[in-house]
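Have a look at the structure below, then the notes.
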Amino acid sequence: MDKVKKAVLAFSGGLDTSVILKWLQDTYQCEVVTFTADIGQGEEIEPARAKALQFGIKEIFIEDLREEFVRDYVFPMFRANTVYEGEYLLGTSIARPLIAKRQVEIAQQTGADAVSHGATGKGNDQVRFELGYYALQPDIRVIAPWREWDLTSREKLLAYAEKQGIPIEMKKKQGSPYSMDANLLHISYEGRALEDPAVEAEESMWRWTISPEAAPNEPEYLDLEYERGDIVALNGEKLSPAAVLTKLNQLGGKHGIGRLDLVENRYVGMKSRGCYETPGGTIMLRAHRAIESITLDREVAHLKDDLMPRYAALIYNGYWWSPERKLLQVLIDESQAHVNGQVRVKLYKGNVMVVGRDSRTDSLFDPTIATFEEDGGAYHQADAAGFIKLNALRMRIAKALRRH
């Protein structure tokens, strides 16, 4: 085993990463730097400092990355109306590039020669983290404990923790019956009962959203203001990116919006069932498509729709830092130059309904041409005859010459 001098660990303070921290110290006899990111997971992160200190850690990094996460990752992704396999809003996928970037930066800052993460050898996160590491620092050493050790179950982790004197709160021991991941964009649930895709998830599982059946009987209207494809104000109040998403999560959760139960194709080859709550993101997606509907040129909109699945797959599979994702981002961002205006949506029992959209500066909707009433000569209907004949020409020729 090659000697490791110092490793930067993505550290939550929970069971898995606490065991990893001790395992790194014992197995590699190396100094460990802990990095804990607040990306809106909704848990107190300062206890991670106390936990790291118990392990004798001298260099501890705890950072509030919520604004950077939404501004530089979530918002750029939503400019593309990004959805993986028709449903998934990529809440887990989009958080990994930022964490990987900060780990590499901290490694460079502290002189560490390795980075480590707590992703298992079965999932997508190991790929997402490590593609990011290598893209940002090609010679970095990566330590993935789940691919090395023999602690293959939660019970074995708990036994190791007890043997090594690793403090784990009883509530952590009992935990949730599901494997969960949360950030400001979503919360996900996997494992246990969900491993049978035919079984409905229990109502008690959902944490962010009320059941649509129990949601308020009165709808709620929201006005969202856009500049260059990003939301800058909600109901007339200017808000930062993280504040926008936080507020939309609260409002969407109140009305039972954003629940999703799906089976997805993982990059590593298997199918996996997951349940997700993305209330704010669901509202953002619907509203963004609405403002684009009146501000984007038709062919630009269609080209974006054609490219979106490829862009979504790049993010899902961990290629955020790849040249092809960056190239697509330039195109996407350029398309948003005129995506300015307002959208009104109605929230009601799990539904997001667009009820209005307007752009005083950039709308391409011309009512004098689109009207069903007298248009005063703005549109000459007779012009359509030649347009139709030219578009039918190839089909007319084929039918005339082939006769079968």
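Backbone N, Cα and C define each Cβ position, glycine as well.
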Site co-member for L-citrulline according to Swiss-Prot, given Y88, S93, N124, R128, S179, E264, Y276, out of S116, S188: S188
Binding-site annotation, Swiss-Prot, ATP: partner of A10, F11, S12, G13, G14, L15, D16, T17, S18, A37 in G111, G118, G121: G118
DSSP-derived structure type at S93 (L-citrulline binding site), helix or strand or else coil: helix
Other CB atoms within 10 A, centred on G14 (ATP binding site): 17
S18 (ATP binding site) and T120 (L-aspartate binding site), distance between Cα atoms, whole Å: 15
Under 8 Å by Cβ from G118 (ATP binding site), counting only residues of that chain that are 6 or more apart: A10, S12, D16, T17, I20, P145, W146
Reduced DSSP assignment, N124 (L-citrulline binding site): coil
Residue among the binding-site residues Y88, Y276 whose Cβ has the most other Cβ atoms within 10 Å: Y276
Which of S12, T120, N124, S188, the listed binding-site residues, has fewest other Cβ atoms within 10 Å: T120
